[in-house]
Every structure is written in C-alpha cells, then in structure tokens.
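Single-structure report; data block below.
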Amino acid sequence: MDSASKEETLEKLDQEITVNLQKIDSNLSFCFHKITQDIIPHVATYSEICERIMDSTEWLGTMFQETGLVNLQANAAAPVGNAPVKSLVSNNVGIFPTSAEEASRQSQTDNGPNEADSAVHVNRDVHSMFNNDSIDDFHTANITSTGQILKLPDSSDEDTGSEAVPSREQTDLTGEGHGGADDEQDESTIQRQSRKRKISLLLQQQYGSSSSMVPSPIVPNKMRKQLAHEEHINNDGDNDDENSNNIESSPLKQGHHHPKGQADDNNEGPDEEESTKEVPKPGTIIHFSTNR
C-alpha cells in the first residue's frame, strides 16, 4: 500500500512540472515573437530617422558656416535671359557646398585680395545712387528764407481783445514811417500799465484784493480823487470833446464850473479845487480805456 501511494504522488508531481514548463515555453515564444515582429521594425525605422536628422543638421551647420564666405559680387554676374538652366544650377550650387572639403576649397578661392575692392565698389555704387539728383524719391522741397514775424499781443490789453496782426504787404507799404508811431504806442502802453498798477495797489491797500473795482461808500477823499483823476486821463479825445460839450451845456455843471475857475484864479487850497470834480457814486463800475 505504501509503494502504490508513493508512485501516485510522483506521477502527479511530474504532471504538474510538465504543465508549468509548457506554460513557460509558451510565454517565451510569445515574447520572442513580440520582439521580432513589433519592436525590432520600429527600432530600425527610428534609427533611419535619426541618421537623416544627423545628416540634415550637418548640412545646415556647413551652410551657416559658409554664408559668411559668400561673394555676392561674383555671384551677381550670373547670366540673365535665355541662359541655360544648368549654368544657373551650377552657380547656385557654388553658394551652398555639399561637403566640408568643397566648403574649405571655396573659402580659400573666395578669400582673395579682390574681395575688399569689390566691397568698396559696391559702397560707391550705393552712395552714388542715393546722391543722384535725378531721383524724385529723394528730392527735398524748396526752403524759402522769407518769413513773417508775428507780434505777440500785450497781456495787459484784456479788455480790447486780440488785435489783428498786419500783413506783410501792409508793413512793406508803411515802411520806416511808422517808427515814431511805434515808439509812441510803446510809451502809451507803459503809461497804461503803470496807471493800472497804481490803481490795483490802491484797491489792494483799501480792500485787501486787486480784483474789486467797485468803490465803497466809506472810501476816503484821497481815494475818490485818485479814481476820478485816472478816469479823466484814460478817456479818448473824441469822448473828451463830447463830455466837455455836455458838461458845458448842463446848467448844474456850469454852476460848478465857475467856482472852479474862481478857485484857480484866487489860488485857493487843494481841497476846494478837488471838490469841483465829479465824484463817482457808490455802486458804479469804472472802466479804463486801453485803446492805443
């Protein structure tokens, strides 16, 4: 009984070992088939692509190295028109060599003493092209030396507004005859500015501001006399004649006019002489003429 049981166990173990070995063999065959059928072809194609990339990069490196040695003057003399295609192809091939030996030989032949001379000739041609007067693209416009000097308006003449600037023809016609008139206008402008400064200072001292032009009822006599005197000076000639006629025609003003003459004749005090002038009423606005 013991021997029979031992033989059965040995047969079972032998069968199990055989089954496992068959599984291992099948797995190895599958791996070999996968490597030979799928992996090896892909590796071969990848190696071919890498070789092509290496060749292309080597050619590009040679091309970029030789671009600095290209002689444009020699290649510009290629035939144009009905020239054969082979000659054009040969000239273009000379620009981009296919091997390093040809590149070195071309660099030796191109680097000669005539290269600097050709560059100088090219620069001269370009310079003559840009300096050619017959080219319309680089023709500059005519520049005139005549002009008109504009006179800036006076900043103090704000009431009269901006005056029209005389044209060049008018200034040419007037000529040198306006020299004295210009001097008189400058003097009158200076006088006007000085009067305005005095009045603004008086107003600022009285009210603390130079923008107020309305007198107060409590203005002292000195201030009223000064304002009336400045208003009398700034009136125009025509306005002075009309005002004098109106004053002389008025019976009230005529009554005041006679005491003034008597005061001048009798040499009375300054207070009585100034009392004959017309004093502006409180609330009136005084306008100063700035006409030249």
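A Cβ is built for glycine as well, from the same backbone N, Cα and C atoms used for every other residue.
Per Swiss-Prot, the feature compositional bias 'Acidic residues' maps to 265-275.
Here Swiss-Prot flags S26 (among others) as phosphoserine, drawing on experimental evidence. If you take the C-beta of S26 (phosphoserine) and look for same-chain residues 6 or more apart in sequence within under 8 angstroms, you find none.
What Swiss-Prot lists as phosphoserine is S118 (among others), and the listing cites experimental evidence.
Residues or ranges marked as phosphoserine by Swiss-Prot on the basis of experimental evidence: S134 (among others).
Positions annotated as phosphothreonine by Swiss-Prot: T140.
The phosphoserine annotation in Swiss-Prot covers S155 (among others), and the record cites a large-scale study or a structure entry as its basis.
Swiss-Prot lists S156 (among others) with the feature phosphoserine, giving a large-scale study or a structure entry as the kind of evidence.
Cβ-based neighbour count (10 Å, all protein chains) for S200 (phosphoserine) stands at 15. Secondary structure from DSSP puts S200 (phosphoserine) in a helix. For S200 (among others), the entry in Swiss-Prot reads phosphoserine.
Annotated phosphoserine per Swiss-Prot: S216 (among others), in sequence order.
For S250 (among others), the entry in Swiss-Prot reads phosphoserine.
Annotation source Swiss-Prot lists region 'Disordered' at 99-118 (among others).
Marked as region 'Disordered' by Swiss-Prot: 149-194 (among others).
Residues or ranges marked as region 'Disordered' by Swiss-Prot: 227-292 (among others).
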DSSP state at S26 (phosphoserine), helix/strand/coil: helix
